[in-house]
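The following features are taken from Swiss-Prot:
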type	residues	note
DOMAIN	5-239	domain 'ABC transporter'
BINDING	GLY39, PRO40, ASN41, GLY42, SER43, GLY44, LYS45, SER46	ATP binding site
Amino acid sequence: MEKGLLLESVSYQYDANAAPVLKEIDIHVPLGEWVAVIGPNGSGKSTLAKLLNGLLLPTSGRVTFNGMSTMDEGTHWEIRQQVGLVFQNPEHQFVATTVRDDLAFGMENRGFPREKMIQRIEEVSIQVGIDHLLDEEPHRLSGGQKQRVAIAGILAVEPSVIVFDEATSMLDPQGRKDVLETMKQLHENGMTIISITHDVNEASQAGRVLLLEKGEVMLDGSPAVVFHEQDKLEAAGIDRPFAYQLQLALQSRGIQLEGALLKKEELVEALWKYKSSN
């Protein structure tokens, strides 16, 4: 049995007369990995996200988590608990009038004892930095705060995987930075992260990147490997991370920096080393 999420020859179409949105894709995401999924609009990214926890069921093929199939009614809700999904618009996930009650909602549905609910609310609110917002109305919060509340609501039910479906796309720069930092911390603590994103700078933070185009996996590898594939990226209309573009521009002017520098911090460090040795 493959641990983690496994998609085997998965295809999906929204109705019988429509073209497939996903075409016989095979993906394995082991537990503990951080995978970013990039691709142009209409490539099937959000459909993939909904297939991962059974919100959608494959037209053909199989989606499993730790051997449990999303098609099996007996394990469907267990998969939903283990594979949480954070949407682009967090307001669609709010059901209560205070943050505290919203965090409690998922646990109540799953029959958590009251004592454990109180404990989990305290733990996850501190973990994502919203403990000072517990008595606030979710709809009055900033975009970044709303996303962190949505993340905390997923964390409260103790999942193994969190799927972020364009979770930073509607946020301002500070909100995006806060949510990305939360992703990093969750991954460092052992959480499996799948980030569906159009932001290549966000994708460069992951340990693995998938490029989807026209419902097929065109690239699958480390950020350094994927973002080196200029022709395939350009064909899909995907830019490279800013730091890598700048590195290539510097190289064209004779400034050679080692490795593929995908993050701003890596580029700054490499430039300091270059300056000190020249």
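Here the Cβ of each residue, glycine as well, is placed from N, Cα and C on the backbone.
Excluding GLY39, PRO40, ASN41, GLY42, SER43, GLY44, LYS45, SER46 themselves, the residues of that chain whose CB lies within 8 A of the CB mean position for the ATP site are, in sequence, LEU212, GLU213. Following the DSSP three-state reduction, the secondary structure of PRO40 (ATP binding site) is coil.
Around the Cβ of ASN41 (ATP binding site), the number of neighbouring Cβ atoms within 10 Å comes to 8. In the three-state DSSP assignment, the secondary structure recorded for LYS45 (ATP binding site) is helix. Neighbour counts of Cβ atoms within 10 Å were taken for the binding-site residues GLY42, GLY44; the minimum is at GLY42. By neighbour count, meaning other C-beta atoms within 10 Å, the densest spot among the binding-site residues GLY39, PRO40 is GLY39.
Sequence-distant neighbours of LYS45 (ATP binding site) (same chain, six or more apart, CB under 8 Å from its CB) are VAL37, ILE38, GLY39, ASP165, GLU166, ILE196, LEU212, listed in sequence order. Looking just at the domain 'ABC transporter' (5-239), the mean pLDDT is 92.
Annotation: SER43 carries the greatest number of neighbouring Cβ atoms among the binding-site residues SER43, SER46 [cut-off 10 Å, Cβ to Cβ].
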